[in-house]
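Participant: Feature list, courtesy of TrEMBL:
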{"type": "DOMAIN", "residues": "B:68-118", "note": "domain 'NADH-Ubiquinone oxidoreductase (complex I) chain 5 N-terminal'"}
{"type": "DOMAIN", "residues": "B:135-424", "note": "domain 'NADH:quinone oxidoreductase/Mrp antiporter transmembrane'"}
{"type": "TRANSMEM", "residues": "B:87-105", "note": "transmembrane segment"}
{"type": "TRANSMEM", "residues": "B:117-135", "note": "transmembrane segment"}
{"type": "TRANSMEM", "residues": "B:180-199", "note": "transmembrane segment"}
{"type": "TRANSMEM", "residues": "B:211-229", "note": "transmembrane segment"}
{"type": "TRANSMEM", "residues": "B:250-268", "note": "transmembrane segment"}
{"type": "TRANSMEM", "residues": "B:280-301", "note": "transmembrane segment"}
{"type": "TRANSMEM", "residues": "B:308-326", "note": "transmembrane segment"}
{"type": "TRANSMEM", "residues": "B:332-354", "note": "transmembrane segment"}
{"type": "TRANSMEM", "residues": "B:413-433", "note": "transmembrane segment"}
{"type": "TRANSMEM", "residues": "B:454-476", "note": "transmembrane segment"}
{"type": "TRANSMEM", "residues": "B:505-524", "note": "transmembrane segment"}
{"type": "TRANSMEM", "residues": "B:605-625", "note": "transmembrane segment"}
Amino acid sequence: MGNILNQIGIENYIFLSVVLFCIGIFGVLYRRNAIIVFMSIEIMLNAVNLLFVAFSTYHQDAQGQVFVFFSMAVAAAEVAVGLAILVSIFRNIGSISIDNLKNLKG
Amino acid sequence: MDTNLALILVLTPLLGFLVNVFFGKSLGKTVSGAIGTIAVAISFVVSVLLFNQITSTGKGIEVTLFDWIQISNLKINLGFLLDQLSVLWLLFVTGIGSLIHLYSISYMHDDENMHKFFAYLNLFVFFMITLVIGSNLLVLFIGWEGVGLCSYLLIGFWHKNQDYNDAAKKAFIMNRIGDLGLLIGMFIIGSMFSTLDYATLKTAIAGASNLNLPLLSLAALCLFIGACGKSAQIPLYTWLPDAMAGPTPVSALIHAATMVTAGIFMVTRLNFVFDLATDVQSVIAIIGAITSLVAATIGLVQTDIKKVLAYSTVSQLGLMFLALGFGAYEVAVFHVITHAFFKACLFLGSGSVIHGLHGEQDMRNMGGLRKAMPITFWTMLISSLAISGVPFFSGFFSKDEILLTAFHHSIPLYVVGSIASIMTAFYMFRLMFLTFFKEFRGTEEQKHHLHESGSLITIPLIILAILATFGGLISLPGNSWLNEYLAPLFTKVAGEEHHLGTTEYTLMGVAVLGGLLGILIAYVKYFKQDNVPESNENITGLSKVLYNKYYVDEIYDAVFVAPVNSLSKFFRDYIETGLSAAVFGLGKIANEIAFQGKKLQTGSIGLYLFVFVLGLCAIVSYIFLAQ
Amino acid sequence: MIHIPDFAHATTVQVIFCFLAFITVITAFLTIFSRNPIHSAIYLVICFFSIAGHYLLLNSQFLAVVHIIVYSGAIMILFLFTIMLMNLNEQREVHRPRITRLGAIVSFCLILIVLITIFINSKPIVGEYDSTGEDFQSIKVLGKILLDEYMVPFEFASVLLLVAMIGTVLLSKKEKLNK
């Protein structure tokens, strides 16, 4: 079986992940709801993972996939802690709009 | 054995000091005084033992405790050198020291801080012994600084009086100036010969082929400046009269008999250095003569009994330096010893008088004490005769030798010295007449309480008076035990002055006549005519200048103190204000920037993210596109 | 250069890729634009499934499975639970100022242009893709690599997850218990 990339082309994967990544950034900027912001961050992470896998195939090397594996572990941990923080914020101020989080004001 | 003796000698006073400092208050006054006295007395006994050993063997004892400093080729031991000179000094330091300690038990008995007084005195004796027996200049320097410290502590002993504190500070600062000179001298010698040890130095100088004489002279001059500070010579003498603020035993011990002779000791110790620096020797002789004359003239009109004695001390020290300047070290040493006897006796006598009058020091309020205080009177009279150079008292021999030496080297300086001697005789007997003769001029209450001091005070007086009488016997003209004893120390052949010819006898006669003349003038003026010095406001003319000590303090004030003060004021008012403004300005600028920058921190996370993305764009495009 | 697919002669693989890519991008956008968070979450699940499809297309079955388990299974469940816990819905959505939307769109376009320009500018890929024929991404091989070469990071990842678990429990515990 030949390389699948012969039929699709690595550049298509690159463009797909760039677009996904930018959608993630857009979501982070566009939405005020902290949970949606979180989801956008997950989209960004997935864009990067996709690129890793694509290049892993391109190089015929398993290292990229191993990295994706670790990246997933970190993402899982991050989501768990992040959502816990969100819950605790919600419990304290009754809202998860990031406009209401003004404690960083100097 | 020798090491043990030396350690006992040095450490006993230190032990006394420690005991008195830590336990003195609880031990009580008498015990504390006894401890102090016994500590010094032990040192005296050890000194006598060492003296016996040295006179029998004729050799000095060297004790090296340990290597102290070792830097490249400079090596300094902590060691002691017990030779003829240091043991001689030890004898009268510890001997007179013991007597004065004994005296102080009675004198200071009313003082609440008596244990402190004895602690300081013991510490002083410790440092003085260190100074004297050190085997190199650095050990001498330890003692030198230590006695300066004790002097400061004891002058300011009655620290509740601000004038006394000022006097103590003055003494300390004046001494510091001299100490700087001593240090520089030590540095020069250390860099020239890589040693500060006396014995090594002596051989190094003797063996040196091409010696850098100008540099050595500079070292000698610097050392002499140190001696000037410690031994109260022009221009650093003004602290000594003020130092009379301390208790009288202190004046007797430190500011008459022992500490002020440290300069003479140092010069004698380093005679092989000074012998080579002939120019510096001339400077020493001239300064000594001038100091002697200036101090004597000031002493003529002083009315405070201790001030008179203080100026007399300065004057006598000047005479000693005159002898040193001519290279007649043994003569200077002789005068140091006799002077220690009679000046200590005089100070203790004046202390007895002050004690009897409950603190009165002004001679205008004394008089007629002869009957009330016979022992004090007689001992002081003997000492006055000795200092005036009346024949067969000790001062006669020593002073006469100085003048003889001066005559052989320089007639003008001989004349200056002789005039100073005549003046000495005059002011000493002015003191005697004003204090002990005629009617009592003080208050009725004082008159009522007049009494002879106790035996603890009179016994030291009597012993010192005996020494003042017979002390001259150690160096009779022509047959001098002292010169033979000290001969191993000096390189040059002593004895050229000792063939007694007609010149010598004539000079002796002149000196005696001069002394008697001074006594006679004092007798006429203050006994026959019954003059009493006028009160301060009525003094006019030359006496006013003299009474105000040639305004030297005022001149120093104007020349040194005032400019420094105004400079400090200038720095305080302008430089520091400017600096503070600059510093505060910097702070304000930083504060302002921070205050403006703070507004950027809106706390809006949305804005932060937006700016973050823009920054990311900028950085990424810079890295990948701007090539 | 952008390779424009020739739809007339597209292979099956190409058609599948285009379909999956289309779904991925559309659902990602819908995730962001949905006013209801629950809808967002569901669109996100679809997005993740399509990405898993990409993985399968690239022949990395193991990752595809793990991805579905972790993201679609665990993480999305967490999201949904959180949303329901907070009782979020369209009514609670706050009004967004126009300037924010404008800024977001501007930065989206900007970063998209910048990144695409970078990739277009970079060296084009020429020639055939390598195909060693070696098995490099089966579960067997990955398992060997993970537990051999990447043993220590693997263990650290487990520690990380443990710590995250403890942290989560601590954070979401009711603070009243402490008082």
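Backbone N, Cα and C atoms are what each Cβ position is placed from, and that goes for glycine too.
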Participant: So which of B:117-135, B:454-476, B:505-524 is most in touch with the transmembrane segment (B:413-433), counting Cβ pairs under 8 Å?
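Facilitator: Ranking B:117-135, B:454-476, B:505-524 by Cβ pairs under 8 Å to the transmembrane segment (B:413-433) puts B:505-524 first.
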Participant: Between the transmembrane segment (B:605-625) and the transmembrane segment (B:454-476), do 3 or more CB pairs sit under 8 angstroms, pairs being 6 or more residues apart?
Facilitator: no
Participant: Per-residue pLDDT averaged over the domain 'NADH-Ubiquinone oxidoreductase (complex I) chain 5 N-terminal' (B:68-118) comes to what?
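Facilitator: On average, pLDDT over the domain 'NADH-Ubiquinone oxidoreductase (complex I) chain 5 N-terminal' (B:68-118) sits at 87.
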Participant: When you scan the chain for residues with a C-beta under 8 Å from the transmembrane segment (B:117-135), skipping those not six or more beyond its ends, what do you find?
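Facilitator: Sequence-remote neighbours of the transmembrane segment (B:117-135) are 6, 9-11, 13-14, 16-17, 20-21, 24, 32-33, 35-37, 39-40, 43, 62-64, 77, 79-82, 86, 89-90, 93-94, 97, 100-101, 104, 108, 111, 142-147, 149-151, 153-154, 157, 197-199, 247, 249-250, 253-254, 258-259, 262, 265.
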Participant: Sequence-remote contacts (6 or more beyond its ends) of the transmembrane segment (B:605-625), Cβ cut-off under 8 Å?
Facilitator: none
Participant: Return yes if the transmembrane segment (B:280-301) and the transmembrane segment (B:505-524) have at least 3 CB pairs under 8 Å (sequence gap of 6 or more), otherwise no.
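Facilitator: They do not touch: fewer than three Cβ pairs between the two stretches lie under 8 Å.
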Participant: Would you kindly list the residues that approach the transmembrane segment (B:505-524) from elsewhere in its chain, counting only those six or more residues past its ends and only Cβ-Cβ distances under 8 Å?
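Facilitator: Distant Cβ neighbours of the transmembrane segment (B:505-524) are 388-391, 396, 399-400, 403-404, 407, 418, 421-430, 432-433.
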